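If you look up Swiss-Prot, you'll see 18-111 marked as repeat 'Solcar 1'. Residues or ranges marked as transmembrane segment in Swiss-Prot: 21-41, 59-79, 112-134, 184-205, 220-240, 292-315. Taken from Swiss-Prot, the feature repeat 'Solcar 2' covers 115-208. Here Swiss-Prot flags 218-309 as repeat 'Solcar 3'.
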Amino acid sequence: MKPTQAQMAPAMDSREMVSPAVDLVLGASACCLACVFTNPLEVVKTRLQLQGELQAPGTYPRPYRGFVSSVAAVARADGLWGLQKGLAAGLLYQGLMNGVRFYCYSLACQAGLTQQPGGTVVAGAAAGALGAFVGSPAYLVKTQLQAQTVATMAVGHQHQHQGVLSALETIWRQQGMLGLWRGVGGAVPRVTVGSAAQLATFTSAKAWVQDRQWFLEDSWLVTLAGGMISSIAVVAVMTPLDVVSTRLYNQPVDRAGRGQLYGGLADCLVKTCQQEGPLALYKGLGPAYLRLGPHTILSMFFWDELRKLVARAQHQGT
């Protein structure tokens, strides 16, 4: 019996193969485009994750309550443009992290590593880890900028940066080069599991949808459906590490550049669960899905469709 596409779970359709360098550009571009649409949700998610940090439930004010009211609260406090706080840093992060991530994943596909059992998971995880490390300084600045607001609505530590370049300069001057990678211990596991889930499930989900024959073989709806299924897996595995990563990046530091609240990933997990309860690791889950879900769907959709266009153009030119 002939195996289905889902059983074969091809890492990359041979008709859509492009060079790793092209994948770098397409992956970075696709995720930057998705970021423009989802950044307001990232602002809300960041503030919900910082609200009530290391305080017992019910003992702190809650300026942000749920998704819709939080969007309105941000707009009232910071203006409509406040919903795009940290956008420049977010675009820088998406370009750096996903450019590296898709480049490395494409190299793995080209080498045939993703055709091995579990290959897509391993390749996605390794590519995500490297991308997270490269993009960490941009994510650090993005988180701190998105947390900044007026005193009456402030949650978490307020860093008072004036912009991306100002923030990078301040961190470099006060903490040195290593300060730019503070919090990377939470970012790498976060993106590692998220990338593994995203790239592996997107490949399998797209093949599964194709097998159902709900849409034409090359329809963009196949890609969209694959992205929607993939987004569920991404949010499920990333949210606890996303909360931890946000807090590690935003915490104040002493003169030596050491975090004043957490000693690292494990310390943050333990303190958060002890003082706020285990459910605190899912703070901002609604906005997290509303942000990570559409971002996963849009980024994978843009990436896959752009790859098809480039591959067809290359094929027609030969």
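Numbering starts at 1 and runs along the chain as displayed.
Just so it is clear, glycine is given a Cβ too, placed from its N, Cα and C backbone atoms.
Model, not experiment: these values are computed from the prediction.
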Criterion met for the transmembrane segment (292-315) and the transmembrane segment (59-79) (at least three Cβ pairs under 8 Å): no
Residue numbers, six or more beyond the limits of the transmembrane segment (21-41), whose CB comes under 8 Å of its CB atoms: 71, 74, 83-84, 86-87, 90-91, 94-103, 105-106, 287, 290-291, 294-295, 298-303, 306-307, 310
Non-local residues, at least 6 beyond the ends, that sit with Cβ under 8 Å of the transmembrane segment (184-205): 6, 9-12, 97, 101, 105, 114, 120-129, 131-133, 135-136, 139, 225-227, 229-230, 233-234, 236-238, 241-242, 244-245, 247-249, 264-265, 268, 296, 300
Counts by DSSP class (helix H/G/I, strand E/B, coil) across the repeat 'Solcar 1' (18-111): 72 helix, 0 strand, 22 coil
